[in-house]
Every structure is written in C-alpha cells, then in structure tokens.
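So that you can see what the record holds, here are the features copied from TrEMBL:
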| type | residues | note |
| --- | --- | --- |
| TRANSMEM | 26-44 | transmembrane segment |
| DOMAIN | 137-273 | domain 'Peptidase S54 rhomboid' |
| TRANSMEM | 147-166 | transmembrane segment |
| TRANSMEM | 178-196 | transmembrane segment |
| TRANSMEM | 202-219 | transmembrane segment |
| TRANSMEM | 231-251 | transmembrane segment |
| TRANSMEM | 257-275 | transmembrane segment |
| TRANSMEM | 295-317 | transmembrane segment |
Amino acid sequence: MKSQRRRYPWQTTATRRHWLPPYRPWFSYLSSLAMVLALAASLLRNRTMTGNLLEISPFNIMLGPSTEALIQTGARYLPCLYGMQEHSEQAYICPDQIDQGQTGPSIPSWRLAVTNQTTAATCNLQDVCGSGTSTAQQAYRFFTAPFLHAGILHCFLVFTVQLGLGRRVERQLGPLRYGFVWLVCAFFSYLVSAVFSPTQTATMGASGALFGIVALLYVDLLTHWWRIPEAAWEFCKLLTLTVIGLISGYLPGLDNFVHIGGFVAGILLGLVVMLDMSPRRRQETTTVAARLARWAFRIVVIALFAVACGLTLNAFYQGKQEVCSVCMYLACLPVGNMCQAAGVALP
C-alpha cells in the first residue's frame, strides 16, 4: 500500500477526514477571548490609576497599560510570587504615581523597585501586588500571566500565531489534548522564568505556551520526516519562526526564559502525544509488545518531565539564586540601557 504523505507537519492524521471531520478549535477561540478580556481589564485598570487607557509616560511601545497596572491585573512579578521578607520590606513606586525621575528612551521600564534617583511616592509590596493581605505569595500568577499581554501590539502578535498555526494544530489534536499541552507548557514556562529571570521585571503573554506548540511540530516533523514532502523546507520554516520568537524575547514584557521553558515542555509532551498520531504508525504498533514498549516510553518521558517540574519548583521555593552570567544575555543585550532597564548586571 502506498504510504500517505502530508503537506504540513501539523497534519498528523491524514486519513482522519475520510471518516471523521477535524476537531473544532474551541480552546484557541476561548483562550483568545480570555486574552482580549484580560487586556481590556488591564487597560481599564490603567485608566483608573492614571486617567489614560494607554501608558503615555514612559510610552508603552506595545500600546498598552503601565507596568503597575499589568502587575495588579496578574502579570508574573517575582516579588508578588515570593512574598519574601527582603521584597516585602523594599520600597516600590506607588501604582497610582508617575516616577518623575525617569529618563531614557520611549520604552516602559518593567522595574518597580525604587532607586536613589526616584522622586515618586513609595508604597509597600502589598500595594503594588494588589493582594490586600499581609503577604504576597500569589501563585495564581503562573496561570494568569499567559492570558495577559503588554499591549494591543503584543496581543496581535500572539493572535497571529495562536489563530494561525495553533488553531491548525488543535484541529488535529483536539481541544482537550491541545488545551492540556498549552496550559502545561504555559505553567512550566513561567516557572522556569521565575527561577532564571531578573527579579524586578514583569513578564506576561502566551508566547511560552505557543513555543510549546511549535516544539510539538518539531517532534512531529522529525518523527514523520519520511511522510512529509519537502520536510527540510518545513524544518527551515519552523526554525525561522523559532529564531523570530527568541528575538522578540528582548521586547518589553516578553522573556526568553519563558520561551525556552515552554519549548522544553513542548518537546517532552510531544514525545508523549505525537509519536503515534498517524494511522500508519498506529497500524505498525498493533502488537502487544509494540504497544507496551510505546507506553513504557511514554511513562519514562512523563517521569522525566515530572522530575524537571519538581526540580524547578524546588529551585523556585529556595529563592532566587545566582544564575550563570552567560544566561543573562537571554534576558537582555548589552545595547544602550537595555540591561540597566531590566535590572541585569552583566559581567
């Protein structure tokens, strides 16, 4: 029998259309709606705090609210996650104040800790996080940050991938399986970011989850290479998308550690959900021994991912540790005052 060939890597079930229609991409639609609502909430919060929907001074190049408004709406901000003593006792710029001492290019500063040059009124960590409690420790930010974006431009860029590439993948995987992978990659990406990213920076966006989806396509492409016409060209397109994503990680509000964490999670989850998606591969593993071997491989991969999650969680609860100096180049580049704005001290 002539083997069926696919046109794109995400077409993992080539014969599915002959007996069952593709899935509806409900998760892509609903999660996109949640992102729009979260963006609207952050803009309204910024209007309540400053009187403007968009952050004007300093200008948010993503066409969005201030850092303070994003943090109070649910962005990933380490002091709010840790609630540690050294963060609780530090002075911060009040959410409803403008730091008149800020200077520099028209790029929003994602740092809130007060420096010696500031002239703004100061508040404590609870005022910044909006917790209303004596301690911060808002672990829910691991799940709210993926749905929040730095501005209209940031949200548009995410929608381009989410409703373009992601929706096609969901049509083949199904909403439940796709949604599970998306959410797990999102959580793990922000967990990695919490361990490696600079402490005084705010991060948000679904790019970590989408990097996980791209990683699924890498696994699918490499494991079904022989069934995809012009597989090398498809690989180049995925590689180009990955490079563009890493470059975007230097923009305000984005984080390359989020991208890397989501990609690692996507690779591991891809080895679980993508290896036997094609009908021919399922036919080749009909024997009991083959199925047992495949499930044993899945269990090993799941165990490795569980260990990775455990080690990363342990590193997070141990508090911020000194990160390798080379890794800091993933957070910023030694160009202008980029690293200074991110609070990174490069060697």
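Sequential numbering from 1, following the chain as shown.
From the backbone N, Cα and C atoms, a Cβ is placed for every residue, glycine too.
The largest share of C-beta pairs under 8 angstroms with the transmembrane segment (257-275) comes from 202-219, of the ranges 147-166, 202-219, 295-317. Long-range contacts of the transmembrane segment (295-317) within its own chain (CB-CB distance under 8 A, at least 6 residues past either end) are made by residues 81, 188, 191-192, 194-195, 264-265, 268-269, 271-272, 275. Looking at which of 147-166, 178-196, 231-251 has the most CB pairs under 8 Å to the transmembrane segment (26-44), the answer is the stretch 147-166.
If one looks beyond the transmembrane segment (231-251) by at least 6 residues along the same chain, the residues whose Cβ comes under 8 Å of a Cβ in the stretch are 8-9, 61-62, 150, 154, 157, 161, 165, 207, 210-211, 214, 217-218, 221, 225, 258-259, 263, 330, 332-333, 338. Within the domain 'Peptidase S54 rhomboid' (137-273), the DSSP-based counts of helix, strand and coil residues read 107 helix, 2 strand, 28 coil.
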